[in-house]
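Features of the protein shown, as given by TrEMBL:
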DOMAIN    36-147  domain 'Amino acid transporter transmembrane'
DOMAIN    214-475  domain 'Amino acid transporter transmembrane'
TRANSMEM  38-58  transmembrane segment
TRANSMEM  64-84  transmembrane segment
TRANSMEM  117-137  transmembrane segment
TRANSMEM  233-257  transmembrane segment
TRANSMEM  277-299  transmembrane segment
TRANSMEM  311-332  transmembrane segment
TRANSMEM  357-377  transmembrane segment
TRANSMEM  397-418  transmembrane segment
TRANSMEM  424-447  transmembrane segment
TRANSMEM  459-479  transmembrane segment
Amino acid sequence: IAPDHVLPAPDEIYVYSPLGTAFKVDSCADGYGKNSSLVTIFMIWNTMMGTSILSIPWGIKQAGFTSGIILILLMGILTLYCCYRVVKSRQMIPLTDTSNWEFPDVCKYYFGSFGQWSSLLFSMVSLVGAMVVYWVLMSNFLFNTGKFIYNFVHDINVTDIVPGTNGSNKVICPSDAGDHPPQNRSVMFSSGNRTGFELFEEWWDKSRTVPFYLIAVLLPLLNLKSPSFFAKFNVLGTVSVVYLVFLVTVKAAHLGIHLEFNWFTENEFFVPEFRILFPQLTGVLTLAFFIHNCVITLLQNNKNQENNVRDLSIAYFLVGLTYLYVGVIIFASFPSPPLSKECIEQNFLDNFPSDDIMSFVARIFLLFQMMTVYPLLGYLARVQLLRQFFGNAYPSLFHVLILNLAIVGAGVAMARFYPNIGGIIRYSGATCGLAFVFVYPSLIYMISLHRAGQLTWPALITHIFIILLGLANLIAQFLL
């Protein structure tokens, strides 16, 4: 636990969601903070580096290696520009003190109650989407962790009955195991009580039982009036990302590089460099680079306000570099042959068996981090929704319980029937990204230029094109 004296003041505590979004535990009360540029850059990097990093290698596989790299660079530049427009949006409002405004306030100024309610809606999509992704990932990590511990304690040698490589650095292909009936996809080969093992397999199932076990732990925590204690664990977000980069580097060093360039044709082990499924990566990247609804708040704490654009650009560059490194290294080192690149999972940790020590440590890190952040996300969803409707973030235990049951129910249902984090992230990303990344920043900029009599045809065409890109991004998620 981070001690109190190294924590920022309460108004500077941020919660990092897996969708790459920061939410403040309490609203900023004293305007500008005193963070240096270095701290500001790190905060933005840390905020955007959500667990969507786990889906980047899968996204590159869906788009193709070359087009995946190009898309990460282009989406980074496009989302940075839209973020820049968000940062500048307050300064284009005349004769009004906007020093304490957030981006939803700017939306309300330009679009009235529609801007206020639509920004609330898309913010809730982002929050609930984050909580659903968390539940799916926590179920996954808890299942694999429990399986590792049970096998270790009972001295059971279990091998996954899925295609995989041999040797100490085993890589598996769970998606090729669809014909095998056992949900947990494992078979016991040596010592241990077979009846006890089969009982464990029945009661410790990734989708049928484990998502429900989490309810007993997390539902009571969601009902706390103020779970700000959990904000002390936010440092685990940084530790998890740094450890994932370390894990990727070590695995790649052992596995080597396995690349073959086929520009448009697919073969048994490799995917083309350019694929029609590329919008699946752009959907994930919309959320991977998503910081637009809170970037104003983050930059308010920068000591040197004149450096805001520079610091934001450096932070985006570092985020893009991290995504590129993890995505490219995992894709390039994935052992093809004997396995096909198509085997890369939506959560790349699923390509390592449950008895892999380094992956076990990563899952423990991420599981604990998520279990501490999840109540904070629930608290923020409650504050945004209930305060809007009832004027009180905690109108009664009954109101809070009904809301939390709905959110938890959505997470359990997804973990049970659609445990695909890449899919959930890209749908959530394209939906709330349409509003906060593409439409609102561009519309606000065009309206402000028009009111000032400075709107030109190139500016109009460029920003309409950005809006159409965001719309196409959303529509493509449902077509592919």
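Note: Cβ is positioned from N, Cα and C throughout, glycine not excepted.
Caution: TrEMBL annotation is automatic and unverified by curators.
Panel annotation: around the transmembrane segment (64-84), residues 56, 259, 261, 263, 271-275, 278, 281-282, 285-286, 289-292, 295, 309, 312-313, 316-317, 319-320, 323-324, 327-328, 331-332, 437-438, 441-442, 466, 469 of the same chain, lying at least six beyond its termini, place a Cβ under 8 Å from a Cβ of the stretch.
Using a cut-off of 8 Å between Cβ atoms, the transmembrane segment (424-447) and the transmembrane segment (117-137) share at least three residue pairs, counting only pairs 6 or more apart in sequence. Ranking 233-257, 311-332, 357-377 by CB pairs under 8 A with the transmembrane segment (38-58) puts 311-332 at the top. Each residue of the domain 'Amino acid transporter transmembrane' (36-147) gets a DSSP state, and the totals for helix, strand and coil are 98 helix, 0 strand, 14 coil. Long-range contacts of the transmembrane segment (233-257) within its own chain (CB-CB distance under 8 A, at least 6 residues past either end) are made by residues 1-2, 13-16, 46, 49, 51, 53-54, 168-169, 171, 322, 325-326, 329-330, 332-335, 352, 358-359, 361-362, 365-366, 368-369, 372-373. When Cβ distances are compared across the two stretches, the transmembrane segment (311-332) makes no contact with the transmembrane segment (357-377), since fewer than 3 pairs at least 6 residues apart fall below 8 angstroms.
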